Structure formats: structure tokens, C-alpha cells
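Engineer: Below is one structure. I have some questions about it.
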Amino acid sequence: MATIVVAMSGGVDSSAVAAMLHEQGHHVIGITLQLYDYGIAVGKKNACCAGKDIYDAKMVANKLGIPHYVLDYENKFKESVIDNFVNSYLHGETPLPCVQCNKLVKFRDLINTAKELGADKLATGHYVRKINGYNGAELHTGLDAAKDQSYFLFTITREQLEYLIFPLGGFTKYETRKLASKFGLDVADKPDSQDICFVPDGNYKTVINKIRPEASTSGKIVHINGFELGEHSGIINYTIGQRRGLGIAYNEPLYVVKIDPSNNIVYVGQESALHVHEFIIKDVNWLADEIKDNEKLAVDVKIRSTRPPCHAEISKLCNDKIKVQFLSAEKAVAPGQACVIYAGERVLGGGWITRNIR
């Protein structure tokens, strides 16, 4: 049997993984990362990093009789994730902090810690599958499409993927809860996390204004045809595709279509102005063979975790960025979000949306 470290968040998924591996006879070690000021977050029920989650993880470990460690990563989390989140909004982007956390904190440091403990593998409760392919490990979507989390894991490296295991990849959420109940875990009916862990009340603007008070500097709201319509209360209050809360009167519905942080301008226009045919992604991470120069590849892409994949064609640009061309125009492609590239159920890679070419 193997020594396996389980990343325990205190939720039902990772708790079920720890119990399952323990029952199989593996030597299981639980690790929970303290990422935020839990004194503030205590009592928050819908975020993955609330203080009670550490307690829940510890209680599960005690019930199973496995060692459990809590690692304090608050400073690194602030520098790598929270500051990035704030800066992204100030640059007119719509950030995705959970992916940055996976890349810069969770997987990198958990894998290093697991290896220091002599573990053979690191297990998580993500709903994705690792499949041994001809050229090594491949990342595939979870069998439960409603819970698939592959979109959030595109930044892991091939080397990291070889070391990781995802025992819930073939499970549905119902089956996971049933398994946790079978093991008598108190977290079996615990609600799923919803909020960003460092946004206690779901209002990210409060967090940004606390760190960067200048974020609420007012500016102009301008129609894409060039005329001024009103004043905004800070670009952090707006995201691409937004319709509600613009505070301007017009004879037809208007949407945020562009944010210009350099000039502190929010541009609005009709819904048709949101349609995008192609865009550029940067900082691409490949979990399959990288696309070649002058090659065009037909793929599926996801531009939001909640959206279904859509058909596209990708090609490599001279600066190692990737151009993504939709077969049919898509709405509200937001810079700062991730674009994950698929071939069927396999994750080929992904990158960060940097700009749109309408």
C-alpha cells in the first residue's frame, strides 16, 4: 500500500477521498492549508476557506485515525492570489482567483510538502479524471458533467499531474455524499462551497477598496459610438457583459463592452457589440503536445466555468500566444478569465484571455 497525502478542505469531497483511501489500506496523511484570516471568516457558511472548515477537516482526520496538519499560507496567499485579484480588477479584467490559487499555492506547495513527508501521491477531491495515455498522464473531465472541475486545473504541469490522483473523477456528487454517509462522516450533508474564500460577504469591491482605496475613482461612461452617457463609480464595479447597475438612461438596453483602465473609461453598447469572433490568450500551459507554428487545430474551448464548451480553431502566434477563433460568435468574452482547450473530454491546455478581436 502507498503513502498518500490528501488535501483536506473540510468539505465532503476531500473527506470522502481520505476515508476511501484509508479503507483501501493506504497510509493517509491529511493536510489543510490556512489561506486567509480565519478569525474574520468564522461563521461564513458558503466559502471553502472559512474557519470551521479547518475544524471539520481535523474532526474527519480524528475519526479516521490519520495524522492531520494545518499549514499557514496566509502571507503567500495574499501575495500570490489576493494582490493579483485586486490588480486584475484595476486593469479592467475579470479575474479567476481559484485558478491562480491552484497554480501558485495549492498544488505547488502541497506537492512539495507531500514529497517531504515521503508520500507516493497527492490526492484531491476534484471531479476530474487522470488517464494514463500513450505519452503519459492525461487530464480528462469528470464523468459527472455537472460537477466537472477541469476548467480550474488547466495550470497544473505534466510533472504535477503524474504525482496527483483524483479518486472522485468517476463519481457523481450524490455518490460522494452517499460514500461519506457510509463512513459516518458528519460532513456528508455539508453544503458545497460557493463564494471566493477571501470575500466574506460576496462583495469583492469591499476587499479591493480596503487594499486599494483609489479603486473607486470615478470616470466616464462612454458609448462605443463616441458620446458620453454618464459617470461611473470606479472600473472595479463593472465587468464585460454587465447590464444591471450602470446608472444611465438610454432608449435601449446597454451592456459593458470594454473597460479602458488607462483612461478610466467604461464603454457601453448594444448587445450585438458583445459578440466576439476571435481573441488572444497568453501564458498558455500545455498538458498535451504544444501546437506547432503555422498549425491550425480544431478544438473545443471553455471561456467560463459555467458555460458549455464551444467549437473553435486555435493557431500559434509569433510571441507564443494563441489565437482562438470561434466557429460561431460568442458573447461577453472577458479579459482575465481562462480559456481552457479540450479535445473531447481531454484537457489539452489553456491560457488567460488578454484581448478580443471582434
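Cβ atoms here come from the backbone N, Cα and C positions, even for glycine.
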Engineer: Per Swiss-Prot, which of Gly125, Gly133, Gly136 sits in the ATP site along with Ala7, Met8, Ser9, Gly10, Gly11, Val12, Asp13, Ser14, Leu33?
Structural biologist: Gly125
Engineer: If H, G and I count as helix, E and B as strand, and all else as coil, what does DSSP give for Cys197 (active site, cysteine persulfide intermediate)?
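Structural biologist: In the DSSP reduction, Cys197 (active site, cysteine persulfide intermediate) maps to coil.
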Engineer: Roughly how many Å separate the Cα of Ser9 (ATP binding site) from that of His126 (site 'Interaction with tRNA'), to the nearest whole number?
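Structural biologist: With the alpha carbons as reference points, the distance is 11 Å.
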